[in-house]
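Per TrEMBL, the features are as follows:
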DOMAIN    120-261  domain 'Sodium/calcium exchanger membrane region'
DOMAIN    438-588  domain 'Sodium/calcium exchanger membrane region'
TRANSMEM  20-37  transmembrane segment
TRANSMEM  119-139  transmembrane segment
TRANSMEM  151-177  transmembrane segment
TRANSMEM  183-206  transmembrane segment
TRANSMEM  218-237  transmembrane segment
TRANSMEM  243-267  transmembrane segment
TRANSMEM  376-398  transmembrane segment
TRANSMEM  435-453  transmembrane segment
TRANSMEM  459-481  transmembrane segment
TRANSMEM  502-521  transmembrane segment
TRANSMEM  541-563  transmembrane segment
TRANSMEM  575-597  transmembrane segment
Amino acid sequence: MTEGEAESEGQAPWGLVARGLLNLYWVLSWVCVLLMVETVSGAGGPSAGTRISSQFPASGVNQSPVVDCREVCGLNASSRCDFVRSNPDCRCEGGYLDYLEGIFCHFPPDLLPLAVTLYAFWLLYLFLILGVTAAKFFCPNLSAISTTLKLSHNVAGVTFLAFGNGAPDIFSALVAFSGPRTAGLAFGALFGAGVLVTTVVAGGIAILHPFTAASRPFLRDIIFYMVAVFLIFTALYCGRVTLAWALGYLGFYVFYVVTVVLCTWIYQWQQRRSLVYSVPGTPEVLSGSEEDRVSSNTNSYDYGEEYRPLFFYQKTTAQILLQALNPLNYRKWRTKPVYWRALKAFKLPVEFLLLLTVPVMDPDKEDGNWKRPLNCLHLVISPLFLVLTLQSGAYGVYEIGGLFPVWAVVVIAGTALAAVTFFATSNSEPPRLHWLFAFLGFLTSALWINAAATEVVNVLRSLGVVFRLSNTVLGLTLLAWGNSIGDVFSDLTLARQGYPRMAFSACFGGIIFNILVGVGLGCLLQICRGHVAVELEPDGLLVWVLAGTLGLSLVCSLVSVPLQCFQLNRVYGCCLLLLYLTFLLVALLTEFGVIHLKTV
C-alpha cells in the first residue's frame, strides 16, 4: 500500500488512527470468535508441532506410547494399519477424513503409489478451492464491508484487503498450530511464502518490467518486515511463545497500521502545502494516465456491457435463481482457449456450491448484487453450512436435550427468516438491510477457507509420513507454493501490464500481516484454551536455514535497492531468483542429512 493513495480531505490524523485501530480490532475479533468457537470444545491435545505447557500437568493418566508416525513405512505391511490406529502421533485432530488410515488401512500395500497420486490430485483441488473462495467470495465481501463502513483506502488496504489476500496463509497457519505436531507446517509455510514472495515474485517483477521503486514505502515496509522476522526468530530461539509475546506480535501489526496511516496523512499534508505533485523520478502513486489505464483495463474485461439487450424485460423469480446459480458465462466460454476451459470445468462444482452457500454483496452494482430468491435461500443454507462446518460437524449433530439436533433448529429458524424476507421484498429493489449479507458471506466463506485449509494440512502431513519428510520442508515447499500461487500470478500479471510499483509494494506489505497475525493469533488461540505458553520445537537445522534465508533476502534488498537509487533492473531480479534456488537446494540437502551440524 503506497503512501499517496487518496484520502478524504481534511480528515484529522488521530481520526484516521482511531479508525485504523477500530477496524483492525474488528477484523481480529471476527477471526478470534470464529476460530475460538471451533477450537474451544474438544479440540484438545497439544498444539501443532508444539508442546504446550499447562498449569495443571496431567499425572497418573495411562497413555499409549508416542512413536514418530513416520516410522510406519519401516514396518511390515500387515502391521501398518494397527500402528496408525493405535499411535497417538498418527491421529488427525479436526478434518473430515483420516488420510493416514486411508493409505495404510484401505489401500493394499502394492497400491501405495496410486493412493499417493490420488492424494496429490486432491491436494491440488483443495488449493483450487482456497483460491476460488478467497478471490470470488471472501475478498468481495471484505471489500463490501469496507465500503459499508466507509473506510479509507489505506486503512482498508492494511486491514481488510491484507486479510483477504492472505486468508489461505492465515487459516493454514492457524490450523497447523491447532493440530498435533504440525507447527513446522505453519513456520515453514509463513517463512517459505516470505522467501518466495521477496525473491521469486520481486525478482520476476524486476525482470519483466524494470522500474523505480517508491522509496519511502519500500523502506518502511521492509524495515517492519525485518523486525517481524527478528521477533519470530527470537521466539524460535527461546523455544516458547507466552501470552505477552503473542499479544506483542498483534500489537506490532497495529503499530504498523498506525504508521501507514500517519505516513499517508503526513505525505498528503506536505502535498497540500506545496500544491504540487510528486516528482516523476520518485513516484509515490500512479500517475493520472496510469490510473486511467487501470480503469480502462478493468472495464475492458466487463463482458456484460457488450451484450446488453436492446429491450429489457422483467425476469421471473425462477429465472433469477437459475441465472444466479450458474457459474458459467457461455459467451466468455466460447472466446477462451482450451486450457482455460479445462480449468473452468474443474472449478464449476466448487463455484456452484459456493454460490449456493455464500452470499456476495457488490456495492459497485446498482442493486448491490441482490438476488432475491438466492439470497433468501442463503438465509437457510448458510447457517446450516456454518453448524455443519464448526468442529467438523460435531456441533450440527449435537442433540438438544437428547431429542432435537442443532441442524434442525437452524433449518427451522432459517426457513422462517427466509420466508419473511421473501414476502417483504421484491426482485427489483434490495432491502434496507441488504448490507448484512456481506457479513454473512464473510463468515461463511471464512469457514470454507478454514475447512479447506484443515484438509490441506492433514493431506500434507500424511504425505510427509509416507515420504518421511519433516513438516517444515512440506510447509516451505508445497504449502507455501500452493498458498502463494495466486499472489505470484497476480503480481507478475500486474508487472507485465505496466504496473510494477503496485506489484512490488504488494510483495512486502501483505506478507507482514501474514507472519505477525499468523503466528500471533495462532499462539493466542492455543493460550486462550487454558495453557500458560506454547513451547516450540523446531524441526532441527532446517527451520534456522529458513529463517536465516528470509532475513538474508530482506537485508540484501535493504542494502542493494538504495545503492541502485531504487532503480530495479533485470540483474537485481536474476540475483533474487538465484538466491531462492540456492535456498531451495540448501533446504533439501539439510532435510536429507547431507548438510548437518557436527555433534561434539
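Using the three backbone atoms N, Cα and C, a Cβ is placed for every residue, glycine included.
In the domain 'Sodium/calcium exchanger membrane region' (120-261), the DSSP tally of helix, strand and coil residues is 123 helix, 5 strand, 14 coil. Scored on C-beta pairs under 8 angstroms, the neighbour of the transmembrane segment (183-206) with the top count among 119-139, 243-267, 376-398, 435-453, 459-481 is 459-481. Beyond the transmembrane segment (459-481), the same-chain residues lying 6 or more positions past its ends with a Cβ under 8 Å from any Cβ of the stretch are 49, 69-70, 72-73, 90, 92, 99-100, 103, 112, 116, 119-120, 122-123, 126, 172, 176, 179, 181-193, 195-196, 538-540, 542-543, 546, 584, 587-588, 591. Tallying C-beta pairs under 8 angstroms between the transmembrane segment (541-563) and each of 119-139, 218-237, 376-398, 435-453 places 218-237 first. Proximity of the transmembrane segment (376-398) to the transmembrane segment (243-267) is not established, fewer than 3 Cβ-Cβ distances being under 8 Å for residue pairs spaced 6 or more apart. Listed as Cβ neighbours of the transmembrane segment (435-453) (distance under 8 Å, sequence separation of 6 or more from its ends, same chain) are residues 30-31, 34-35, 38, 96, 126, 129-130, 133-134, 137-138, 140-142, 144-145, 148, 167-168, 171-172, 174-175, 354, 357-361, 368, 375, 378, 382, 385-386, 389-390.
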